[in-house]
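There's a structure below that I have some questions on.
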Ligand SMILES: NC(=O)c1ccc[n+]([C@@H]2O[C@H](COP(=O)([O-])OP(=O)(O)OC[C@H]3O[C@@H](n4cnc5c(N)ncnc54)[C@H](O)[C@@H]3O)[C@@H](O)[C@H]2O)c1
Ligand SMILES: N[C@H](CO)Cc1c[nH]c[nH+]1
Ligand SMILES: [Zn+2]
């Protein structure tokens with residue numbers, strides 16, 4: 001029964017199966033956890049083949065392939081001349097965006113910049129008395145390509161992702177920043193997307209999305225010059241393209257379909273938790289939205305709240321598919337077990353909706369970002385708080401971190417030896433080179449020892 005005492009309408013009753021409650025220790029509970037733990041391990045072979053084909057086409061046919069794919073998936077009448085956004089279109093976009101949106105964007109930019117400035121590492125050096133100079137020189141990459149998701153037909157342009165990708169690139173000092181995002185059916189990008197790009201110092205904007213946009217940034221086409229590093233989140237096609245191209249081009253991290261895992265106790269509001277779960281589930285049918293709680297009562301209340309909320313959700317179909325596929329509610333023995341499972345799943349977002357979240361924090365090992373306390377919805381982090389919302393998914397939080405200024409920087413090592421230092425340490429290098437059987441290495445040092 002819903003909490004207002006009325007019966008659920010038929011439709012909601014039927015959809016009740018979208019939200020599953022299991023005991024964490026039960027067979028279906030364990031099965032769900034095992035599936036989530038393995039979620040990043042294998043790309044379906046058909047999907048990978050499809051993405052490889054796209055990459056090869058763009059490499060071979062350049063702009064022509066971009067236009068073909070864009071016509072097929074996003075904008076039926078797309079022309080090559082529409083690929084690059086012209087400067088006048090950005091001026092026009094400023095006229096279309098309301099002052100309220102502009103000031104919200106500027107607040108987000110300020111907060112994101114303040115957070116990311118703290119990540120800047122500086123160059124340094126030190127010397128050793130015998131005449132050794134060693135150091136590290138920090139340099140930005142010369143160009144970056146930013147992927148901003150748009151959904152099929154550009155229906156859901158993630159304007160906030162412009163801020164999250166472009167601000168760190170600007171803080172790092174990248175001189176050339178190219179942004180790509182899929183156009184809508186009319187071949188347009190949302191005006192707020194263009195304004196956000198201009199506000200964050202993006203230097204080129206292209207209307208192109210999915211795996212073909214990633215290929216264009218990596219290989220270059222007639223219109224789009226290749227870049228040194230690609231950053232930004234995207235759907236499974238974007239994510240697989242980035243994985244396959246890693247090495248040919250720098251890639252930030254595996255930032256695929258969104259994920260939230262909430263650990264909650266009875267202090268949490270069921271309605272708040274339901275909306276937090278749906279906030280990630282509505283991103284993608286492949287999104288993950290999981291609640292872990294020792295309270296059976298809270299579990300049932302969240303399920304009811306979810307079913308009510310789904311009724312009002314415009315992207316209900318997407319969210320339901322995500323809940324059915326990768327979501328649910330698991331009732332754990334205690335908070336300890338909930339934390340253990342959270343660490344094993346390594347979610348993109350971890351919410352600690354418990355009475356004393358800071359007491360649980362020392363036990364968190366794997367997560368992209370942690371939201372402490374029921375008053376801190378994940379959505380704040382998506383838009384305005386300051387930390388980056390481009391975060392590791394599919395278990396990558398075990399080894400990767402949020403998008404940061406570091407992605408756009410390189411640390412170049414510096415070495416200089418004077419003759420005295422060479423005399424002191426050269427012999428050790430010769431011995432190690434000989435042990436490795438590398439004659440030229442040894443000789444390169446020996447000739448200098450003989451005639452410095
Ligand atoms: N991990 C993170 O940090 C993070 C941040 C923001 C968003 N996200 C995720 O990014 C994703 C955004 O996805 P989206 O769909 O909204 O935008 P998107 O731009 O990533 O994907 C849309 C593009 O994919 C194309 N596409 C659709 N079907 C295709 C197919 N069968 N083959 C190849 N291409 C196809 C569309 O035509 C369009 O060009 C979501 O999964 C969201 O959860 C993740
Ligand atoms: N939740 C997404 C990261 O998984 C980021 C985002 C952008 N806009 C809304 N949400
Ligand atoms: Zn989100």
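Residue numbering: from 1, along the chain as shown.
Cβ atoms here come from the backbone N, Cα and C positions, even for glycine.
Please treat TrEMBL annotations as automatic predictions, because they have not gone through curation.
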Have a look through 265, 334, 382 and flag the one TrEMBL assigns to the substrate site that 258, 280, 283, 349, 436, 441 belong to.
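The one candidate that TrEMBL places in that substrate site: 382.
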Taking the binding-site residues 258, 382, 436, which residues show a Cβ-atom distance to ligand 2 below 6 Å?
258, 382
Please give the maximum pairwise Cα distance, in Å and rounded to a whole number, for the substrate-binding set 258, 280, 283, 349, 382, 436, 441.
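Between the most distant Cα atoms of the substrate site, 55 Å.
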Looking only at C-alpha atoms, tell me how far residue 382 (substrate binding site) is from residue 349 (active site, proton acceptor), rounded to the nearest Å.
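Rounded to a whole number, the Cα-Cα distance is 10 Å.
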Of all the binding-site residues given, namely 280, 283, 436, which is spatially nearest to residue 349 (active site, proton acceptor) at the Cα level?
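Closest candidate to residue 349 (active site, proton acceptor), judged by Cα separation, is 280.
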Can you name the binding-site residues among 258, 283, 436, 441 whose CA is within 10 A of the CA of residue 348 (active site, proton acceptor)?
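Qualifying among 258, 283, 436, 441: 258.
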Should we count any of the binding-site residues 258, 280, 283, 436, 441 as near ligand 1, judged by a CB under 6 A from one of its atoms, and which?
258, 283
Other than its own, how many Cβ atoms are within 10 Å of the Cβ belonging to residue 436 (substrate binding site)?
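I count 10 other Cβ atoms within 10 Å of it.
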